[in-house]
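Enquirer: The structure under discussion is supplied below as C-alpha cells; questions concerning it will follow.
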Amino acid sequence: MAAVIVLAAGGGTRMKSTKSKLLHEVAGRPMLSWAIGAARGLNPEHLVVVVGHRREQVEAHLAEDAPDVTTAVQAEQKGTGHAVACGLEGLDELHGEVVVTYGDVPMLTGETLQRMVEVHRERRNLVTVLTAEVEDPTGYGRILRGGEAVVGIVEHKDADEAQRAVREINSGIYVFDAEALREGVSKLSNDNVQGEYYLTDVVTMAADGTVEVPGRGRVGAFRIDDVWQTEGVNDRVQLARMNAEVNRRIVTGWMRAGVTIIDPTSTWIQPDVDLANDVTLYPGVFLNGATTIGAGATVGPDVTVTDSEIREEATVTRSEVTLAVVGEGVRVGPFSNIRPGSVLDRDAKVGAFVETKNTHIGTEAAIPHMAYVGDSEVTAGSSIVAGSVLSRECAAPATVSDITSDSQDDTLNPEADQ
C-alpha cells in the first residue's frame, strides 16, 4: 500500500463551532482519530492528512495524537481534486495503490478498507469506489453502472429522473492506482459551476479511457451493507446520531458478552472500556477512557467513571469516579466524588456527599457521609464521620468526628507543624 490520503481541510461551517469539525468527538475520540485509525489498518508507506481550515488546531492535535503522520496544506479550498493534489505534492513517485478517505467519516473501519483494496487488486481496477445502497439517496452522488463496471458518477443536482431513482450512492472513498491518480489529477479542470477541481472527474477519466495504465481495467465498485461506514458528519444533529449509533453497537456487544444493562439508550460506554461478566449497569451511566469494571460489580444509576478501575462486587451509586481504584466489595455513594489518586481498598465504604482526592482508604475503613479526605492515608478499620475535613494520616482504631471550627486538633491540621 503506497499511501493513504485523509482529507481534513474543509471548513465545517455547519457545525457553527470555533473548534475544527474534525476534532469534535464520537465516543470520546476526535473524528479525525477514528479516520487515522482506519487508515493505519492498511499499513501504508505514507499516511498524509490534508489540512486547511483551522489547520493550527488540527496540526496541534496530530502532533500529540499521531506524530508520525505527514501533513499537507490546502491553503484554499478548491475542491476534493485539489485537496488530493496537495496531498500528493510532498510524496515521491508512488507505486501501488493510493486510498483517499475523509476525516469526518468516523465509522469507516480498517477492515472495510482492507477488503476494498483486496477487491481492487483482484479485479485489477484503475479505480475502486466504495458504495452503499440507501433508502433515501437524496443529496448523494449516484453510481452509474454498465454491468459490473462503473461508467460514471452523477451528482444529485445534475441527475435526471432515471438517475435519481438509483439508490447506489458514492461514498467519496476510493482506491486509485497511484500512476492513474497522478495523471488524472494533473488533467483536472475547474470549468464548472463551483469553480472547483473534482476528484470524481478523475473517476470519469478512468471510466472513459482518458486515463489509462497498461494491464489495468477501468472503474469498479465495492459495495458494503453497513451504510453507517459511508456517512460523514456535517452538523451537530449528525454528530449526535453518529454518537448514538456507535454507542448502540458498543452497548449491544457488551450485553451479548454477559453484561446486564438496564437501559441501553441511557448508558454510554466508550470503546476502550473493559467489562467483566455479570456487571450490572443502571440508567445514566457514563463509562469513559480506559475504565475497567470487575465481575459482579454494580454501577449506577447516574454514575460517571473515567479512566478508573472498579473491582469485583463493588457498588457505585450516583457518584463520579476519576483516575481512581475502587476495590473489591467497596460501596460508594450516593453523591460522592472519588477524585484522581484515590485508592479504596476491599470492603471500604464511602457514603453520601463524600469527596476524596489522592487518598488511600484501607480495608473496611468507612467514611459514611459528608466529609472531605484529601492527600491522606486512612488505614484499615478507621471511621471518618460527618463534617470531617482530613488531609493527613488517620490510623485505626481512630474515629474522626464533628470537626466544626478552626480549633481542630493538630493531628488533623496540615499547617500545624509549618
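In case you wondered, yes, glycine gets a Cβ from its N, Cα and C as well.
Reproduced below are the annotations present in Swiss-Prot:
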ACT_SITE  HIS369  active site, proton acceptor
BINDING   7-10, LYS21, GLN74, 79-80, 102-104, GLY141, GLU155, ASN170, ASN234, ARG339, LYS357, TYR372  UDP-N-acetyl-alpha-D-glucosamine binding site
BINDING   ASP104, ASN234  Mg(2+) binding site
BINDING   ALA386  acetyl-CoA binding site
REGION    1-236  region 'Pyrophosphorylase'
REGION    258-418  region 'N-acetyltransferase'
Enquirer: If you measure ASN234 (Mg(2+) binding site) to GLY10 (UDP-N-acetyl-alpha-D-glucosamine binding site) at Cα, how many Å is it?
Expert: 10
Enquirer: Three states by DSSP: which one describes ARG339 (UDP-N-acetyl-alpha-D-glucosamine binding site)?
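Expert: Looking at the DSSP assignment, ARG339 (UDP-N-acetyl-alpha-D-glucosamine binding site) belongs to neither helix nor strand, so coil.
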Enquirer: Give the helix, strand or coil assignment DSSP yields for LEU7 (UDP-N-acetyl-alpha-D-glucosamine binding site).
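Expert: Assignment for LEU7 (UDP-N-acetyl-alpha-D-glucosamine binding site) reads strand.
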Enquirer: Pull out the binding-site residues from the set LEU7, GLY79, GLU155, ARG339 whose C-alpha sits within 10 Å of the C-alpha of ASP104 (Mg(2+) binding site).
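Expert: Correct set: LEU7.
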Enquirer: Rounded to an integer, what is the Cα-Cα distance in Å between HIS369 (active site, proton acceptor) and GLU155 (UDP-N-acetyl-alpha-D-glucosamine binding site)?
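Expert: Given the Cα positions, HIS369 (active site, proton acceptor) is 64 Å from GLU155 (UDP-N-acetyl-alpha-D-glucosamine binding site).
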Enquirer: CA-CA, which of the binding-site residues LEU7, GLY103, ARG339 lies nearest the residue listed as 'acetyl-CoA binding site'?
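Expert: Going through LEU7, GLY103, ARG339 one by one, the closest to the residue listed as 'acetyl-CoA binding site' is ARG339.
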Enquirer: Of LEU7, ALA386, the binding-site residues given in the record, which has the fewest other CB atoms within 10 A of its CB?
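Expert: Across LEU7, ALA386, these binding-site residues, the one with fewest Cβ atoms within 10 Å is ALA386.
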Enquirer: In the structure shown, which of the binding-site residues ASP104, GLU155 has the fewest Cβ neighbours within 10 Å?
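Expert: Taking ASP104, GLU155 as the binding-site residues, the minimal 10 Å Cβ count falls on GLU155.
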Enquirer: Please list, in sequence order, the residues in the chain of ARG339 (UDP-N-acetyl-alpha-D-glucosamine binding site) that are at least six apart in sequence and whose C-beta is under 8 Å away from its C-beta.
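Expert: Counting only residues 6 or more apart in sequence, the Cβ neighbours of ARG339 (UDP-N-acetyl-alpha-D-glucosamine binding site) under 8 Å are THR322, LEU323, ALA324, GLU355, THR356, LYS357, ASN358.
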Enquirer: Let me make sure I understand the structure: which of the binding-site residues listed (GLY10, GLY79, GLY103, ASN234) has the fewest other Cβ atoms within 10 A of its Cβ?
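Expert: The binding-site residues GLY10, GLY79, GLY103, ASN234 were compared, and ASN234 has the fewest Cβ atoms within 10 Å.
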